[in-house]
Amino acid sequence: MDAKQSVAAAKPSLAKKTASASFRLRNGSLNAVRLRRVFDLFDRNGDGEITVDELAQALDALGLVADRDGLAATVSAYVPEGAAGLRFEDFDALHRALGDALFGSLDGAAAAGEPGGGGGDEEEEMREAFKVFDVDGDGFISASELQEVLKKLGLPEAGSLATVREMICNVDRNSDGRVDFGEFKSMMQGITVWGP
């Protein structure tokens with residue numbers, strides 16, 4: 001196994017994962033706002049379309065490995081004829097289809113009395129998300145690690161270490177200047193939106 005393959009093997013993968021239902025937003029209008037922000041971040045050149053290359057780059061920046069051919073096949077089903085990539089409406093349709101496939105439909109989950117349908121080990125999903133931010137693997141997210149991830153995502157908050165430190169302070173319950181897994185988990189559970 002060469003170095004590139006070993007790095008890819010160490011990264012979380014999108015293949016054959018069941019996602020945690022707790023990460024699915026249930027409030028339609030809030031979901032649309034967040035989805036638009038994600039779309040704009042992924043649309044690196046600002047042309048109003050997300051190409052397979054842009055999507056692959058965004059997933060790679062998040063530390064996720066996606067099979068390029070599988071990604072292209074999935075995305076192409078939602079790209080309108082004559083378009084180079086996904087427009088926001090297409091991205092929204094893809095997001096809804098993936099959400100239904102991973103979590104079950106919102107109607108079906110509500111009818112079954114489950115808060116998201118589908119299973120998945122929520123703790124393991126949280127740990128995988130934590131690892132994206134814990135760049136050095138020491139079990140903590142420092143301000144510099146958070147800043148590094150925000151830069152990779154192209155977020156403006158990455159420009160100021162003071163802003164990033166403030167973000168850390170908002171989550172850091174024991175005031176050690178870092179975010180441990182317990183603090184990260186509490187923060188992630190706190191931002192989950194369960195709509196009607």
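Each position is counted from 1, following the chain as shown.
Here the Cβ of each residue, glycine as well, is placed from N, Cα and C on the backbone.
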For the Ca(2+) 2 site that Swiss-Prot describes with ASP134, ASP136, ASP138, which of these is also annotated: GLU125, GLU145?
GLU145
For GLU183 (Ca(2+) 3 binding site), name the DSSP secondary structure in the helix/strand/coil scheme.
helix
Which three-state DSSP class does ARG178 (Ca(2+) 3 binding site) fall into?
coil
Cα-nearest neighbour of GLU49 (Ca(2+) 1 binding site) within the listed binding-site residues, ASP136, ASP138, GLU145, GLU183:
GLU145
